[in-house]
Amino acid sequence: MEELTIWEQHTATLSKDPRRGFGIAISGGRDRPGGSMVVSDVVPGGPAEGRLQTGDHIVMVNGVSMENATSAFAIQILKTCTKMANITVKRPRRIHLPATKASPSSPGRQDSDEDDGPQRVEEVDQGRGYDGDSSSGSGRSWDERSRRPRPGRRGRAGSHGRRSPGGGSEANGLALVSGFKRLPRQDVQMKPVKSVLVKRRDSEEFGVKLGSQIFIKHITDSGLAARHRGLQEGDLILQINGVSSQNLSLNDTRRLIEKSEGKLSLLVLRDRGQFLVNIPPAVSDSDSSPLEDISDLASELSQAPPSHIPPPPRHAQRSPEASQTDSPVESPRLRRESSVDSRTISEPDEQRSELPRESSYDIYRVPSSQSMEDRGYSPDTRVVRFLKGKSIGLRLAGGNDVGIFVSGVQAGSPADGQGIQEGDQILQVNDVPFQNLTREEAVQFLLGLPPGEEMELVTQRKQDIFWKMVQSRVGDSFYIRTHFELEPSPPSGLGFTRGDVFHVLDTLHPGPGQSHARGGHWLAVRMGRDLREQERGIIPNQSRAEQLASLEAAQRAVGVGPGSSAGSNARAEFWRLRGLRRGAKKTTQRSREDLSALTRQGRYPPYERVVLREASFKRPVVILGPVADIAMQKLTAEMPDQFEIAETVSRTDSPSKIIKLDTVRVIAEKDKHALLDVTPSAIERLNYVQYYPIVVFFIPESRPALKALRQWLAPASRRSTRRLYAQAQKLRKHSSHLFTATIPLNGTSDTWYQELKAIIREQQTRPIWTAEDQLDGSLEDNLDLPHHGLADSSADLSCDSRVNSDYETDGEGGAYTDGEGYTDGEGGPYTDVDDEPPAPALARSSEPVQADESQSPRDRGRISAHQGAQVDSRHPQGQWRQDSMRTYEREALKKKFMRVHDAESSDEDGYDWGPATDL
């Protein structure tokens, strides 16, 4: 006897225990020895006991492949599972093969399975029922196809004449892929086995889950594959252009290959025994289904592609439901592994004639119940047609996570007359698939159809799945990131700021005081920074969010929205009425556009669909706070192989500095972190182009402590601690939604630096919320240049020393200076030092006194600490009293408005960003 190790694939649906979780411990991964993700422990009495075993290799979690994933990524995926998790594992199993002698004429063969003599038979557990209750055409397993022999190929069951050279290069057994088992050869002809499963009660399940795997059935002599000699007939295709082919339908595979643009990359697994290409066909007059082997659809799809494909409702089009036995909590990818169109394209013409020719239902043509039953499919899938009246008469349940189901039928409605019942799943309406639609989108689509229009519904009876869905209260499931601010509305309305992430569970949740869902609200759960779910409540739906975001932008534009203050409005109005804002009108008018306007310019929707992914590149690092310059220098000096400061370039139309996005990309290609010194608006830009920077903010303890820390770290630095401290306070107030992590600055130790390095290492390995949809090509083509509208906004939001006030109060009401001298010329640089200047006066560009250009710099724009007013030399003597009154008014209001920021200035006004002020 010869021993052979095979891999069996199992899928377990685990319910989360409040105390034990899922009851498993995992180890391994790409970053650990061995590489495979394995179950290292099973908690006794936990949800996984008896279902998973120690040593199981984890293949997939909730439809997310664990191949090449790190252990941290797998742990975070499991943490995001709220109630249930669908875990697919593969388990090694040893079988014994009868010893056979190798053929002397075939020295290249490595083991006894390669002999031509013996034939193969099914294992003893093969008769567990391949028919099941599946509606799948492309989701059938290899075991199912192995039981369907066809005429004309029975004599070739053991032949290897179609093998290509080198087919026996691998010595060991073939691992399982999606349920495929390599069967030992016996002296008995392999025969199909028919199994019939009959439900005694509606609550019973067939208990069969079908899978699929794409393989190479035939290689033409004139194609590139024949000349390449790297592919052979029977090879299992594991990846197509880097995308896993597991559970892909043939129609999805065809679309994937069509997008290859002349270059096709395949990762294959060699089938040395040529098992798949030598499956005996079923006899046409037998009881087995006469449907062709599923792999034959590949040639038909390539020869006669459909004339048109209906566009998906929002996301990439996926396949309809796979099986009536699917669990409602399974991953959408596993539930949608079959395809209606892939099984109907290959129908004979005599079967297609059953539907009227005038129907436009060509691609998704579904045969009658009788023909589907004859072909081995579920008899429940059928087509229903009726004219829409004033109402459809259907109540819908479910969502994008489980599918759309009928939860109620109005008596006497057209739908009731066509036999639609509670528990029917709606697969398609008027050529539009319903598999990926939320409940709100499905209802809006049906309500949007005009009365009198003919409706064509593809439905399937799934009462058992429907009742499971109702009991488990599942339906919609997707994640969003907010891009506007909303105040909480008690008792159940959640508030949020820009950048918050929510898990949406129901898109038609009843609002406060409503007994039935009327739309307008979503049930959502806030996701914390640790990827754990927090409080649950309702948020506005998509259309309502767009209205609120537009209203917020309009309010902030006039200075009455969130973040504005009455005092700042009064101060701005006071100076505006007296015409004393010298040369600042244009600047302040442009600088009204804050981050909300930037979000609108960046084409962010109010809600952005996001998914949790692991970064495949070194993310750029943005360090904000009063010691950012010191931290960047220390990182590049200590670890030059991991960090690099992004180079700045000058604008062509202004002396300001910018960083090109192409510079960030080049540094990432070097496998380094790009260190950036940019504005919050530039951070928004980086997030929009999906660079997802790690933003670390240093929180100063106090201004004296900050001054002592900078003198200890950089004694030669001449930067003003007053300005750095004020800048940090503004950043913390207006841009905290952009921070990835914060580090307090306490004392004069270097613990902040060690914590910074630890945060960067941790954040690089953690999964991040990324946009569900990729960027369009037009934006990627212009990454080397700043966005036009964004560049203008960024320039307005950067620091301009000419419009900043230099007065501060020390708590006693008096004015003092931190020793900074400013030039009030036309854009000249300012000096920012902690040494006191020779004169105890400050230059303020916002002062109402207009200086004559012929005056000396000492006299121009200065106010003596002991002099009440200064007469403008350009004014006539008759205006001295008016100027004196203005000076008196200014002095009277100075204390009142000293600490209030001008509403006309942006959140970034007054920031000292260094050479890189824009991105």
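In case you wondered, yes, glycine gets a Cβ from its N, Cα and C as well.
Taken verbatim from Swiss-Prot:
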- S112: phosphoserine (MOD_RES)
- 117-131: compositional bias 'Basic and acidic residues' (COMPBIAS)
- S136: phosphoserine (MOD_RES)
- 147-163: compositional bias 'Basic residues' (COMPBIAS)
- S169: phosphoserine (MOD_RES)
- 195-272: domain 'PDZ 2' (DOMAIN)
- S203: phosphoserine (MOD_RES)
- S319: phosphoserine (MOD_RES)
- T325: phosphothreonine (MOD_RES)
- S327: phosphoserine (MOD_RES)
- 332-360: compositional bias 'Basic and acidic residues' (COMPBIAS)
- S371: phosphoserine (MOD_RES)
- 475-549: domain 'SH3' (DOMAIN)
- 580-761: domain 'Guanylate kinase-like' (DOMAIN)
- S591: phosphoserine (MOD_RES)
- 812-828: compositional bias 'Gly residues' (COMPBIAS)
- S856: phosphoserine (MOD_RES)
- S905: phosphoserine (MOD_RES)
- S906: phosphoserine (MOD_RES)
Fill in the blank from the handout: A correct count of other C-beta atoms within 10 Å of the C-beta of S203 (phosphoserine) gives 10
Completion exercise
Averaged over the domain 'PDZ 2' (195-272), the pLDDT of the predicted model comes to 79
Practice task
Run through the domain 'PDZ 2' (195-272) and tell me, per DSSP, how many residues are helix, strand and coil.
Solution key: 14 helix, 12 strand, 52 coil
Completion exercise
DSSP composition of the domain 'SH3' (475-549), residue counts helix/strand/coil, works out to 8 helix, 30 strand, 37 coil
